[in-house]
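Under the heading domain 'Amidohydrolase-related', TrEMBL lists 72-413. What TrEMBL records for His81, His83, His251, Asp325 is Fe(3+) binding site. Under the heading Zn(2+) binding site, TrEMBL lists His81, His83, His251, Asp325. Under the heading 4-imidazolone-5-propanoate binding site, TrEMBL lists Arg90, Tyr153, His186, Glu254, Ser330. Annotation comment: TrEMBL describes Tyr153, Asn327, Gly329 as N-formimidoyl-L-glutamate binding site.
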Amino acid sequence: MRVDLVIKNIGKLVTCKGLGRPKVGQEMNEVDIIEDAYIAIRDGKIIEIGIKNDYKKITNSYTKIEDAKGLLVTPGLIDSHTHLVHGGSRENEFSKKLSGVPYIEILNQGGGILSTVNSTKEASSEDLYDKAKKSLDRMLEFGVTSAEAKSGYGLELDTEIKQLNVAKKLDKDHPIDLVHTFLGAHAIPIKYKENHKEYIDIIVEQMMPKVKELGLAEFCDVFCEEGVFSIEEGEYILSKAKEMGYKLKIHADEIVSLGGAQLSAKLKCTSSDHLMAASEEGLKMMAKNNVVANILPATSFNLNKSYANARKMIDLGVALSLSSDYNPGSCPSENLQFVMQLGCLGLKMTPNEVINAVTINAAYAIDRQNEIGSIEIGKKADLVVFDAPNVEYLMYHFGVNHVDKVYKEGVLVVENKQVIYNNI
Ligand code: IZC
Ligand code: ZN
């Protein structure tokens, strides 16, 4: 057989092998480690996993052999919740935030999301592309090989489409694979403040069909929060989205316990995100309906809020994923390793639970479990070589980038912590 590449001498290969469904409960603590391993790759896919020098049986002089130098290898990390494409930044609100003005109050004053909406409208597609590309390079340097990207900074058709088109082009041009989400229901534009119904009708009757027709988004998401979209409004929008063939996501119970977790279960959302204020009843319903709880601890950290109750979620049998929420307001950081460290230090998850939550379970959160999220035969050869002796070390030694190398579909894209790809 033809083998393009073998990565040999892997000290610890953490496969995060799947079970045919998201990992829950005790399963989240199981990562499957193979010592002194190699991975064989053909056409960007994993074709064999073995130990020691056994690769010699399948290679020939055309096979490229790379040495992992005894380091730790994991599946490429997946950032399953980002607001990647946007104009501007919001450091002008930083002092206000630090003095204690709540996130929602800044939004109600016309700042927050609405300030980024203005910057995104003003920005050209080229500006949005350059800025988002820089963020994707950073993500890649931290070991992220797939990410979700939401719209939601247009709140009118043309700018929503501009954002989604930029994300589509980046998916093509950049090594990181993107999954696209339409988030027209991210905030109420000021002119519809007294008439939500009018804006919701525009979302449902004009934006959602057009975005679908253009093939620009696979998921639809709603920001359900007190002062933003109510549970009833969220249910209406997401039900219509489902009828149109979108898969569903929801920003649920982030600040106030409105019942977003219950709604995500009722609608069988692929993931329900944030959940810092989710009720036990809602979490139980999510477990029963196989909704992935996508937790974003760097947002809790940055907003100085309490962390989601991850331990309770795991006890109740809810599948957890972790993601960054990268956005210019509540999480201006692309660093998924910091998110993983907060998974331990803030959410009290074990290092093994955290690794599963940014690989195999994160793949389920974006419905890519058949292609990515674990090191298994047939999956993409998306791999991170970490300069670390074991999984625990990645979370224990916090605040630094542990990446040594990143492979995307068998191509080396990060070396010495720097991107080296050339438009693949
Ligand atoms: O720009 O503030 N939470 N949406 C809901 C966000 C954070 C993004 C932002
Ligand atoms: Zn978000």
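Quick reminder: no glycine exception, Cβ is built from N, Cα and C everywhere.
Features recorded in TrEMBL, as mapped to the structure shown.
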residue: His81; record: Fe(3+) binding site; DSSP class: coil
residue: Tyr153; record: 4-imidazolone-5-propanoate binding site; DSSP class: coil
residue: His186; record: 4-imidazolone-5-propanoate binding site; DSSP class: coil
residue: His251; record: Fe(3+) binding site; DSSP class: strand
residue: Asp325; record: Fe(3+) binding site; DSSP class: coil
residue: Ser330; record: 4-imidazolone-5-propanoate binding site; DSSP class: coil
> When you average the Cβ positions of Tyr153, Asn327, Gly329 for the N-formimidoyl-L-glutamate site, which other residues in that chain have a Cβ within 8 Å of that mean position?
Replying inline: His83, His86, Arg90, Gly112, Ile113, Thr116, Gly152, Pro328, Ser330
> Using C-alpha atoms, which one of the binding-site residues Tyr153, His186, Asn327 comes nearest to His81 (Fe(3+) binding site)?
Replying inline: Asn327
> If you average pLDDT over the domain 'Amidohydrolase-related' (72-413), what do you get?
Replying inline: 98
>> Same chain, not part of His81, His83, His251, Asp325: whose C-beta falls within 8 angstroms of the C-beta centre of the Fe(3+) site? Give them in sequence order.
In response: Thr82, Lys150, Asp273, His274, Leu296, Thr299, Ser323, Tyr326, Asn327, Cys331
> Around Ser330 (4-imidazolone-5-propanoate binding site), how many other C-beta atoms are within 10 angstroms of its C-beta?
Replying inline: 23
> Of His81, His83, Arg90, Asn327, Gly329, Ser330, which binding-site residues come close to ligand 1, meaning Cβ under 6 Å from one of its atoms?
Replying inline: His83, Asn327, Gly329, Ser330
>> Give me the CA-CA distance between Tyr153 (4-imidazolone-5-propanoate binding site) and His83 (Fe(3+) binding site), in Å, as a whole number.
In response: 9
> For Arg90 (4-imidazolone-5-propanoate binding site), which of these binding-site residues sit within 10 Å, Cα to Cα: His83, His251, Gly329?
Replying inline: Gly329
> What binding-site residues in Arg90, Tyr153, His186, Glu254, Asp325, Gly329 place CB under 6 Å from ligand 2?
Replying inline: Asp325
> When you put His251 (Fe(3+) binding site) at the centre and draw a 10 Å sphere around its Cα, which of the binding-site residues His186, Asn327, Gly329, Ser330 have their Cα inside it?
Replying inline: His186
> What is the total of other Cβ atoms whose distance to the Cβ of His83 (Fe(3+) binding site) is within 10 Å?
Replying inline: 25
